[in-house]
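K.L.:
Below you will find the structure I want to go over with you.
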Amino acid sequence: MQEILLKSKIHMAKVTDKSINYMGSIGIDVELLEKSNIKPYELVLVADVNNGQRFVTYTIPEEKGSRKIVVNGAAARLVEQGDRVIIMAFGMYENDEYKGPRVLIMNEDNEVVEIREGT
């Protein structure tokens, strides 16, 4: 039986900007997308640690090395610049094929300080 399980997580990233008039999405530095195994345009759940808001959107790539996390569209009303967020992507797995998620632990400057596999 297939189950929906956590595939990837970017933990405690800092929102660097927001744009209410953009057509939706969350922009993420392409380097972070690659390291986290989250694809451009993939569906993600975002949790704002500062205010408890959660929303579903999709990713778009930001410039590699920019460390940008940009919330766009209506969801931009749910965050503030400087908020810390958890970005989660899920996948469908058979129990015997699931090895656990890849988790990027971020610092205040949106630098990866640790990568955890299968935890």
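Our numbering is plain: 1 for the first residue shown, then up by one each step along the chain.
Here the Cβ of each residue, glycine as well, is placed from N, Cα and C on the backbone.
Keep in mind it's a predicted model, so treat the numbers as computed, not measured.
Straight from Swiss-Prot, here's the annotation block:
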type	residues	note
MOD_RES	S25	pyruvic acid (Ser)
ACT_SITE	S25	active site, schiff-base intermediate with substrate
BINDING	T57, G73, A74, A75	substrate binding site
ACT_SITE	Y58	active site, proton donor
K.L.:
List the other residues in this chain whose Cβ sits within 8 Å of the Cβ centroid of the substrate site residues T57, G73, A74, A75, in sequence order.
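P.N.:
Going along the sequence, the neighbours come out as G24, S25, I26, F55, V71, N72, A76, L78.
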K.L.:
Rounded to the nearest angstrom, how far is the Cα of S25 (pyruvic acid (Ser)) from the Cα of T57 (substrate binding site)?
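P.N.:
Cα-Cα, rounded: 5 Å.
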K.L.:
Report the member of A74, A75 (the binding-site residues) whose C-beta atom has the most other C-beta atoms within 10 angstroms.
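P.N.:
The largest 10 Å Cβ neighbour count belongs to A75.
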K.L.:
Over all pairs in T57, G73, A74, A75, the listed substrate binding residues, work out the largest Cα-Cα distance in Å.
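P.N.:
Farthest-apart Cα atoms in T57, G73, A74, A75 are separated by 10 Å.
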K.L.:
Between A74 (substrate binding site) and the residue listed as 'active site, proton donor', find the distance joining the two CA atoms and give it rounded to the nearest Å.
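P.N.:
If we compare the Cα positions of A74 (substrate binding site) and the residue listed as 'active site, proton donor', the gap is 13 Å.
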K.L.:
In sequence order, which residues at least six apart in the same chain have a CB under 8 Å from the CB of G73 (substrate binding site)?
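P.N.:
G73 (substrate binding site) has long-range Cβ partners S19, I20, Y22, M23, G24, S25, T57.
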K.L.:
Neighbour count, 10 Å Cβ-Cβ cut-off, for Y58 (active site, proton donor): what number do you get?
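P.N.:
Other Cβ atoms within 10 Å of Y58 (active site, proton donor): 13.
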